[in-house]
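Notes to accompany the following structure.
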Amino acid sequence: MKILVQKFGGTSVARLECMKQVREKVLHGLAQGNKVIAVLSARSGETNNLLALADEWSSTPDKAECDALVATGEQVSISLFTMLLRDAGIRARSLLGWQIPITTDNDFGRARILSINSKALHGFLEDYDVLVVAGFQGCTEDGRITTLGRGGSDTSAVALAAALGSVECEIYTDVDGVYTTDPNICSTARKMDRVAYEEMLEMASMGAKVLHIRSVEFAKKYKVPVRVRSTFSSDPGTLVTQEDSSMEAVLVSGIAYDKDQARVTIRDLPDVPGMAAAVFGPLSEKGILVDMIVQNTSLDGHTDITFTISRKDLQLTLQVMKEVAEKTGASEVLHDVSVAKVSAIGVGMRNHSGVAARTFAALTQEGINILMISTSEIKITILIQEKYVELAVRILHDTFGLDWDIG
Ligand code: ADP
Ligand code: ASP
Ligand code: MG
């Protein structure tokens, strides 16, 4: 049995006319001799609306109840779409995470998939040609509904593709593929035909929301070819796949940005062993993910530590840092929410030097001040004032020759 997993994002299922286009893509998959698993997101805006509702009802919404609430967005999409398929005479049924089940851990709001009952899915495929599965959700071993984190339907789709041995996992969205940078903020962004898993991993973790980061982790681990394409065109899109030598020839293949950053500085910590653990231990206990970290050197026996976090974690982080400051004798805690990070990514960086220097020179020319820097083997990231993000993305895109003309 040939199985194809196709995932359709929020804009693809937003309205009846869009869903009809989604149906065409599913029909095409069937016509190629596949059984189809169609993974759907909530209609665009719906998850935000549900989360706003939770905040309206409760000052500190219970995380498990929040998941039970937001998972309903996908339930609406899959039942409506299945009606549409059945109207066209297609043997289809909808499936929620718990009905399969897709089992996850109990980290509500950002649960990780532990297992998928592929045997049950094979059983359903005996009776149906299309299974319409709710993305973004799963359930714990004791039956509580979980969600996988914002943008998590991509991960549901790739995990299903891995579990079922799908020929390819198609991710349908509102753009034609993966671009050299977000085409919505840089008009010269160029669509890539192929991108390496590792580059895509860095792009996703550095803010390119076209694919959920965990979906790329799954794809890389289980070698699932992922094709990102548009619901609204027949363009072949971008294949996310294993690296090859032609990819290494390109120094920088993409620029990503992330505005969901807040910077926190804890000042005048005693410069003795254990201070970094005293700062980051309590943050990790509260489940707060820290992104960039810089520790300053200091001559008077004291040092500052600066780090970045997601803006939604700022209040909790400041509470935690207040306690840390009291315990350690640090003098003050500062914060800034008007920052954002921009990253240049490319597997070609492994064998070439000078990317950092060119990045800094280009930003200097525009008078953009760099607040923090971090690097990995295939990425350089800088933190800057949020107001300069679009400019910085365009400048770096141009500097590394990613525009159409230079190609
Ligand atoms: P969906 O609802 O289909 O999951 P998303 O909004 O999550 O869609 O992701 C698609 C969006 O990702 C695009 O509209 C685009 O603005 C954004 N994006 C950011 N970086 C990139 C990139 N490098 N290539 C393509 N799209 C990108
Ligand atoms: N509906 C969820 C969200 O908006 C999951 C997804 O769209 O992938 O984040
Ligand atoms: Mg998405």
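Just so it is clear, glycine is given a Cβ too, placed from its N, Cα and C backbone atoms.
As written in TrEMBL, here are the features:
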BINDING   K7, F8, G9, G10, T173, D174, Y179, K209, V210  ATP binding site
BINDING   T47, E74  substrate binding site
DOMAIN    264-339  domain 'ACT'
DOMAIN    344-407  domain 'ACT'
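All features noted in TrEMBL, drawn onto the structure.
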residue: K7; record: ATP binding site; Cβ neighbours (10 Å): 28
residue: G9; record: ATP binding site; Cβ neighbours (10 Å): 24
residue: T47; record: substrate binding site; Cβ neighbours (10 Å): 24
residue: E74; record: substrate binding site; Cβ neighbours (10 Å): 30
residue: T173; record: ATP binding site; Cβ neighbours (10 Å): 24
residue: Y179; record: ATP binding site; Cβ neighbours (10 Å): 25
residue: V210; record: ATP binding site; Cβ neighbours (10 Å): 22
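Screening the binding-site residues K7, T47, T173, Y179 for a C-beta under 6 A from any atom of ligand 2 leaves T47. Less than 6 Å separates the Cβ from ligand 1 in the case of G9, T173, drawn from the binding-site residues G9, T47, E74, T173 in sequence order. With a cut-off of 6 Å between Cβ and the nearest atom of ligand 3, the binding-site residues G9, T47, V210 reduce to G9. Here T47 (substrate binding site) is positioned 17 angstrom away from K7 (ATP binding site), judged by their C-alpha atoms.
Here T47 (substrate binding site) is positioned 17 angstrom away from V210 (ATP binding site), judged by their C-alpha atoms. For the ATP site, whose annotated binding residues are K7, F8, G9, G10, T173, D174, Y179, K209, V210, the maximal Cα to Cα separation is 19 Å. The two recorded residues Y179 (ATP binding site) and T47 (substrate binding site) have their Cα atoms spaced 25 Å from each other.
A coil conformation is recorded for G9 (ATP binding site) in the three-state DSSP classification, outside any helix or strand.
With DSSP states grouped into helix (H, G, I), strand (E, B) and coil, the domain 'ACT' (344-407) comes out at 30 helix, 14 strand, 20 coil.
In this structure the alpha carbons, written CA, of E74 (substrate binding site) and G9 (ATP binding site) are 10 Å apart. V210 (ATP binding site) falls within neither a helix nor a strand when secondary structure is assigned with DSSP, and so counts as coil. In the predicted model, the domain 'ACT' (264-339) shows an average pLDDT of 94. Rounded to a whole number, the distance between the Cα atoms of T47 (substrate binding site) and G9 (ATP binding site) is 12 Å.
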